[in-house]
Amino acid sequence: MVLCSPQNPLQDGSLKPASWSLSPLPPSWYRGFTLFLTFLFYTSYHLSRKPISIVKSQLHRNCSTLIRPPNLNGTDNETWCDWAPFDKDNYQTLFGAVDNSFLVAYAIGMFFSGIFGERVPLRYYLTIGMLLSGLFTCLFGLGFYLNIHSIWYYAFVQVRAMNGLVQTTGWPAVVACVGNWFGKGKRGFIMGVWNSHTSVGNILGSLIAGVFVSSAWGMSFIVPGIIIASTGVLCFFFLVESESDLLARILKASQSRIADLEIFSSPGQSNSISSEPAEEHTKAISFCGALRIPGVMEFSLCLLFAKLVSYTFLYWLPLYIANVAHFDPKEAGDMSTLFDVGGIVGGIVAGLVSDQTGGRASTCCVMLILAAPMLFLYNHIGQYSLATTIGMLLVCGALVNGPYALITTAVSADLGTHESLRGNSRALSTVTAIIDGTGSIGAALGPLLAGLISPTGWNNVFFMLVTADILACLRLKIVYPRLQHFYRIPNCLWKQRQHNNCSLGAS
């Protein structure tokens, strides 16, 4: 009895019904399940990054407003409630150094992560990354229980820098998984919804850290560390990287069953099934080859400035709210989650609009233009009332994170499957890593500059953010001439004057 056509279903890129008949579930189920799992995985990545921004306001506090315990040793009445070494006047610079040790390591590691991601099974790659990230996140929290007060421990010996390296395993791998399962049709909307994992992770990380920040801030790191390590275990047992990976598992399981049946079959009977799926002979794209794809460099530089703004908010917004609006650490952390709520809406809207108009670049440009005055207004009127604070945080979050989300998801996936690659499917992880790695340079610069500039006043910090936002938009303007065809930027009226045969349906 023939259970499967001997022709390999992967050789011509099609999925044969006979092959799928061996699967207990339809391919659409695996597609949805992969989307859910990768959402969960990267939520845990961001959940483990967020606690440091919440704990900052606990490590250095205004001790004059607190009642000092009578049995506390020491004579410094101004810093008795602070955690050394963050009890000095240079505490903001030290916070910037701790942030930067993570972000610089992340930016450097990202360029290499995509190269490894194209050559290592994504399931193993993600599993190892999440387990190690959980370990290093917990080590930061152990500094509280071990009473460690060395800046070098928190910046390096505590492996905050190493945590930055292992966190780079996440983004290229999850984008590659989703790109393997979903085509370009509604990629912007699907990835816009899916990319809300970034904001969901930030929100959950803020809420979890806020529960422990005032009593035992070490648990603000240990609990997220345990969560991301647990999702690493889930990844190892349940992630299906692609349709090819699924078919390989199906055929392998079927061969095992056939081997068992042959033990009981007569010598003259034979059961045929396709052999192991033929390996793809397409060579993984090189780093320089990925850079030559039209649009990669331009969008990478745009993301550098967009991510500078986003990550400055990620790491410094709770402290800004605590200092300017005079909230306690937990209230400031909870209020900062509204920026991420706005980011969820902004990412979905950006993806939906870019799908409908066909203009990824133009969608980003419009949102960046609107973000600049909103940042200026938030700094000047955002703290006038609770309603104003909530409204401005939601609007700024949507306009800042919308372009960031679109570039790191749909744009990266589009460029990773660009027509110039001629069907080479082994470029998605590398392209994603280049774009996000360049953006991560901005993510490292933003918090560092905020730490250096904030002692001179928060107005100067927001001036830096507005300038970066404008520079991100300017980088997109030079991308138009090269990507008009690929992204179908809506300039039909201009083309009609010259050719009278414009078609917005060109891809």
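Glycine is no exception: its Cβ is also placed from the backbone N, Cα and C atoms.
Features reported for this protein in TrEMBL:
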{"type": "DOMAIN", "residues": "37-484", "note": "domain 'Major facilitator superfamily (MFS) profile'"}
{"type": "TRANSMEM", "residues": "29-47", "note": "transmembrane segment"}
{"type": "TRANSMEM", "residues": "94-116", "note": "transmembrane segment"}
{"type": "TRANSMEM", "residues": "122-146", "note": "transmembrane segment"}
{"type": "TRANSMEM", "residues": "193-213", "note": "transmembrane segment"}
{"type": "TRANSMEM", "residues": "219-240", "note": "transmembrane segment"}
{"type": "TRANSMEM", "residues": "299-317", "note": "transmembrane segment"}
{"type": "TRANSMEM", "residues": "337-354", "note": "transmembrane segment"}
{"type": "TRANSMEM", "residues": "361-378", "note": "transmembrane segment"}
{"type": "TRANSMEM", "residues": "384-406", "note": "transmembrane segment"}
{"type": "TRANSMEM", "residues": "427-449", "note": "transmembrane segment"}
{"type": "TRANSMEM", "residues": "461-480", "note": "transmembrane segment"}
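Recorded stretches compared: 29-47, 193-213, 299-317, 361-378; the one with the most Cβ pairs under 8 Å to the transmembrane segment (337-354) is 193-213. In this chain, the transmembrane segment (29-47) lies in contact with the transmembrane segment (219-240); the count of Cβ pairs under 8 Å, excluding pairs fewer than 6 apart in sequence, is at least 3.
Through the fold, the transmembrane segment (384-406) approaches residues 188, 192, 195, 198-199, 302-303, 306-307, 309-310, 313, 321, 325, 335-336, 338-343, 345-347, 349-351, 354, 360, 363-364, 367-368, 370-371, 374-375, 377-378, 439, 469, 472 of its own chain, all at least 6 residues removed from its boundaries and within a Cβ separation under 8 Å. When Cβ distances are compared across the two stretches, the transmembrane segment (29-47) makes contact with the transmembrane segment (122-146), since 3 or more pairs at least 6 residues apart fall below 8 angstroms. With pairs at least 6 apart in sequence, the transmembrane segment (299-317) and the transmembrane segment (461-480) have 3 or more Cβ pairs within the 8 Å limit; the two touch.
Of the recorded ranges 94-116, 122-146, 193-213, 361-378, 427-449, the transmembrane segment (299-317) has the largest number of C-beta contacts under 8 angstroms with 427-449. Long-range neighbours of the transmembrane segment (94-116) within the same chain, counting only residues 6 or more positions beyond its ends whose Cβ lies under 8 Å from a Cβ of the stretch, are 49, 52, 56, 59-60, 85-86, 88, 125, 151, 154-156, 160-169, 171-172, 284, 287, 290, 311, 315, 319, 429-434, 436-437, 440-441, 443-444, 447-452. Here the domain 'Major facilitator superfamily (MFS) profile' (37-484) returns a mean pLDDT of 81 for the predicted model.
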